Ligand SMILES: NC(=O)C1=CN([C@@H]2O[C@H](COP(=O)(O)OP(=O)(O)OC[C@H]3O[C@@H](n4cnc5c(N)ncnc54)[C@H](OP(=O)(O)O)[C@@H]3O)[C@@H](O)[C@H]2O)C=CC1
Ligand SMILES: O=C1O[C@H](COP(=O)(O)O)[C@@H](O)[C@H](O)[C@H]1O
């Protein structure tokens, strides 16, 4: 349990409401916060403490994992929450902030530790850092940590600028860059499955693995987020961060110890080994971008991307992105990693599928049995589990071979109520554990890789493939995998009952 004053910049915003406040409540209920903490909500609009606490209650009621009622437990939780109107661009406000922080620090016996959470648009990050220093917020005893949200820049040059601004004030070790996928239970489980079991690691290489597929599909459209998304697109919104991070976790070498820097060093080696694209033609051959047009999802008609209110009606921003990625090192030479993500796809799901090579000599071929490859599937989100597909004899037959599943359904056992990524990450930042936050060199290398794609795409728009909402993206996305003799394995989503592992006996 760590004592700290949590300063939430952007406390009236969507992220704070949907993720951060519910995370505080769960941490409190699970006794991870203890009693020596305070939370100061900061934003420009005026709010009294009472109004802020009412907003807090509503957000927890709507989004938290625990039920909440206005009882004694609530009273003792909410007394830790305070609000201060503050314009980040005005340093004078930071003096008041210092006074309130000191007052709460004394009242709750915190000892000077401060965690600054920037739930803000990234253009404000530099000014906040500067004014935190100028306003005297970083002086005194205890630690000061900065938690920042994605997107971390728009490309490598803008990310470098942002980083330089922040680094004028904070050391790298005190900066916690959020990639909330790293906070997901099953992403963290990938390392455990890989490094705590005897039978996966010997197979984890190009001798036995044919390809790895990472799918991050969403049923939601862009809705009211067009202001941000239309400038970003799927490649920057998901590809540069969540998808490449998951790829790195799958591909990294075992670290010598489970120390944050050792783990991040191994991920950096993966990023350095990514085969960068040299020409626009290479980019076109290995990537696909698409944009949804109107279609039907879950039986309901939905508008196309360009028809969304918050989007430019002539937008060429991609809402779907797929790529064939190679990690040019000893372990992975020749193994394609296929990654894809899209909005308005038929299912909300994140899955990582490892497709193994077939046995070297199929002794069953004479019986006309084409063996299905073994699959190991990490089901990340929203269902959580690990799934293994193997070939077995169908009972009662002369030797008919069928694929069967070994299915560890984590969410069936512990429910969908496992800690949310934000809870875990907030807790880790407060404890000073940066394992599941991205280090600057990872972020920079990921931008370097993605920038090549973005700039090749920027040169032409002819290859923006349109796909109907409710489908699995453009046909070209299927071809990308088929060209290598593979296919996307169907993923299991929560939203679409018809999407399932149709070839597996459950
Ligand atoms: N929402 C989400 O689910 C996710 C968000 N993110 C990232 O988190 C960050 C915040 O996103 P989100 O909450 O959606 O954004 P919102 O636009 O909903 O909130 C922005 C917040 O910033 C405050 N703010 C804006 N300007 C100032 C200023 N000059 N001084 C003080 N406060 C200011 C606003 O309050 P006020 O107007 O009162 O000043 C508001 O509280 C972004 O970087 C976003 O990309 C990342 C992943 C998911
Ligand atoms: O970072 C983002 O992630 C969400 C998807 O997150 P999930 O945890 O719900 O899978 C995505 O909708 C959003 O566009 C992106 O900014």
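Cβ atoms here come from the backbone N, Cα and C positions, even for glycine.
Site annotation (TrEMBL): substrate is bound by 180, 184, 218, 343, 348, and the candidate from 171, 174, 237, 328 recorded at this site is 237. Closest in space to residue 237 (substrate binding site), of the binding-site residues given as 10, 44, 88, is 10, taking the CA atom of each residue.
Shown in sequence order, 9, 120, 124, 127, 128, 131 are the residues of the chain, 6+ apart in sequence, with a C-beta less than 8 angstroms from the C-beta of residue 88 (NADP(+) binding site). For residue 184 (substrate binding site) paired with residue 10 (NADP(+) binding site), the C-alpha to C-alpha distance reads 23 Å.
For residue 12 (NADP(+) binding site), the same-chain residues 6+ apart in sequence whose C-beta sits under 8 angstroms from its C-beta are 41, 43, 45, 47, 55.
Closeness to ligand 2 is met by 237, these being the binding-site residues among 12, 88, 184, 237, 348 whose Cβ falls under 6 Å from the molecule.
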